[in-house]
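**Student:** Per TrEMBL, the features are:
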type    : residues               : note
REGION  : 103-127                : region 'Disordered'
BINDING : Arg318, Thr446, Lys447 : ATP binding site
DOMAIN  : 538-675                : domain 'Pan3 C-terminal knob'
COILED  : 547-585                : coiled coil
REGION  : 586-691                : region 'Knob domain'
Amino acid sequence: MSFFSRAQSTAVRIAKPADEEDAVKQPTPRKDSVQRQCRNIVIYGHCRYQDKGCVYYHPPAEDSLPPQPSSPSPRVDSPAIATITTQALNAPVFVPKFAAANTTTPAESNPTSPVPQSQNSGSQPTTVEEMQYQYETQNGYQDQGDGEYVEGQSYEQEHQEYGQHDYPGYQGYDYQVDQAGNVLQGMELTDPNYYEEYHPHDMMDASYYNAAPVFLRQPLNYLLYTPFTPAEQVRNPQATHFVPSSTDLRQALQERSETARTVNLVDLGLPEELQGYHTLVPIEPVNVAAADRKKFGNWYSTVYRAVRTSDGGAHCLRKVENFRLSHQAAFAPIETWSQIHHPSIVWVREAFTTRSFNDNSLVVSYAYHPNSKTLYDAHMKPKPLPIPTYQQSVYYGRHQPRNHLSNQPQQQWIEERTLWSYIVQIASAIKAVHERGLAVRIIDATKIIVTGKNRVRISSCGIFDVLLFGTPQPDLATLQQEDLLKFGRLIFALCSGNLNAATPANLQKSVEAMKKVYGVEVQALALFLCSSKIKKSIDEVLDMIRPKILQEQDEALMATDRLENELMGELENARLFRLMCKFGFINERPEFARDARWSETGDRYIIKLFRDYVFHQVDEHGNPVLDLSHVLTCLNKLDAGTDEKLMLVARDEQSCLVVSYKDIKSCVSNAFDDLVRATTAMQSGKDARVI
């Protein structure tokens, strides 16, 4: 194993030049001397033991340059002949971390014995490590712990002396894990120009001549599947104007999903099927007194949730009772409304008449928004008073009850930022409708719904166009002016909490109350819209609120970034599900290819042991270990196919296997491919669905 192999030294032979002129001279060939030259002179340019009894040859400074190899010619970019500066004279011995893993180590029977000449006569060393090892074995040098080399020192003594030094950066370092792949990470080894992009002298400049080499350790790839958005790209990662915090957002989505799947607990006598819709569930109360029922103009109406048979999605059905269709052309406006797709308008799907409710009813289908509330229910409806609580207080030595709650309901004021958001969204919806040559005709606090945080939509669009078809009606310009007038009344109603706030009797009082809470811009806009003597247009309204529109756009873009940040956390959820499906297809399969023990042999046995390793572990007391983090970690490593190894033990504890996650991934892939091929053959040429 490479861990117990002899460490390969790749020290570069350098010499200190006498001056700058001598540094550019060509190196002279090594003198033919019977006495062996001291290796410290070759590496460091000097020997500290020269005058202390060193028995090796110490040539003068001009003779200490390393000799040039004669044949074959080395590569120009070889580290052995790279240009050396004077700053590298006191550099420590550098042993690259990939030397022990990428080179073939010789036998260790006699490390100090020279290599016979006959063994090297046939071939010349081609790499730096091979030339260095040949030089060491021929001359019998060994590295000493302080950086000098002496003859005959063993490998164990060398590492023993190295262990006496304090290297805090190398404590607990695993050279087998962090090898050359981390240094050269990002290079494509299969690229034909790989060696042209690899410059060893650049690595030398970065590693050879630093006091403490820095090893590049990159995070594991299986942890990089769903990186989070940097904090500087999301102004408020907790909540925005339109998107709540992560916890509230998840809770709201869960509640919407639950609401969309509720059913009736009792039989309400509703039809089982209605023009392609089924599973009707009333959204509004149905069994109430006639005086408490909601009216749509002069007609009573009820809202249901139903499932459409064609797409399986939930839709909102508004039923208008006792309506008799006079002509089929009355549904023409519905076709125009169905083509309007706007974020502040509830999408109109279709309209039809039915007798399934034992009467003549008009039903209009809309998009369904679970858990939505009208503006009236969200901000204007009086809240029921809670049960008052009393607290005993002492006043002048006597206990007296004190009521902490007022008997009168307090006014619910909408924040001005939220109010402006409502105004901008409704104005944008009116603009889209007027450009289509239509009129909204339904701008009312009881028909505009709140579908999310500060998100409103105009609902029940198009119904009046069907109900009033064939009756005398004002022209389009008059209807659009009425839309703007109703818009101004809605602003007064939201600011004062009263639906009749814009009536002539209450208008002055509403303006005085508005001045105490809201700014001048809100007052000016509401009075402009409620003025019946001025001919207005939606474009003039948009010009008045232009700064608020830009602010609304900025908030919408920030909400988009916020949602993308939330979506990144759910991006790779399907990976582990696909992996678990493959385990389910392979493990415990009774028979395959006429082999009753197919799932217990070959690669499938390794998959079975891995399943026990992940899901069937027990503690020292024999209790099952239910560690979800262990399961997720193992499955993510398996999906990435890492080189990390683990030991799989059989259930009888009589055998064990040491494999890597990469090997297990290959076993899963091979076993599943066998099943896919058999499935494809059984389908007589049809393509099998592969997950």
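Each residue, glycine too, has its Cβ placed from N, Cα and C.
What TrEMBL says about a protein is an automatic prediction, not a curated fact.
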**Student:** Can you work out the mean pLDDT of the predicted model over the domain 'Pan3 C-terminal knob' (538-675)?
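**Tutor:** That region's mean pLDDT is 90.
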**Student:** Please list the DSSP helix, strand and coil residue counts for the domain 'Pan3 C-terminal knob' (538-675).
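**Tutor:** Across the domain 'Pan3 C-terminal knob' (538-675), the residues distribute as 88 helix, 14 strand, 36 coil.
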**Student:** An 8 Å radius from the center of the Arg318, Thr446, Lys447 Cβ atoms defines the neighbourhood of the ATP site; name the other residues of that chain inside it, in order.
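**Tutor:** Residues close to the ATP site, other than Arg318, Thr446, Lys447: Lys294, Phe296, Ser301, Val303, Thr374, Ile442, Asp444, Ser459, Ser460.
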**Student:** I'd like the number of other C-beta atoms within 10 A of the C-beta of Lys447 (ATP binding site), please.
**Tutor:** 18
**Student:** Which number gives the other C-beta atoms within 10 angstroms of the C-beta of Thr446 (ATP binding site), all protein chains shown included?
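**Tutor:** For Thr446 (ATP binding site), the 10 Å Cβ neighbour count is 17.
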**Student:** Please find which two of Arg318, Thr446, Lys447 have the most distant C-alpha atoms, given that the record lists them as binding ATP, and give only that distance in angstrom, rounded to a whole number.
**Tutor:** 14
**Student:** Using a Cβ cut-off under 8 Å and a sequence separation of 6 or more, which residues in the same chain sit near Arg318 (ATP binding site)?
**Tutor:** Phe296, Ser301, Thr302, Val303, Tyr304, Val363, Val364, Tyr366, Ser460, Ile463
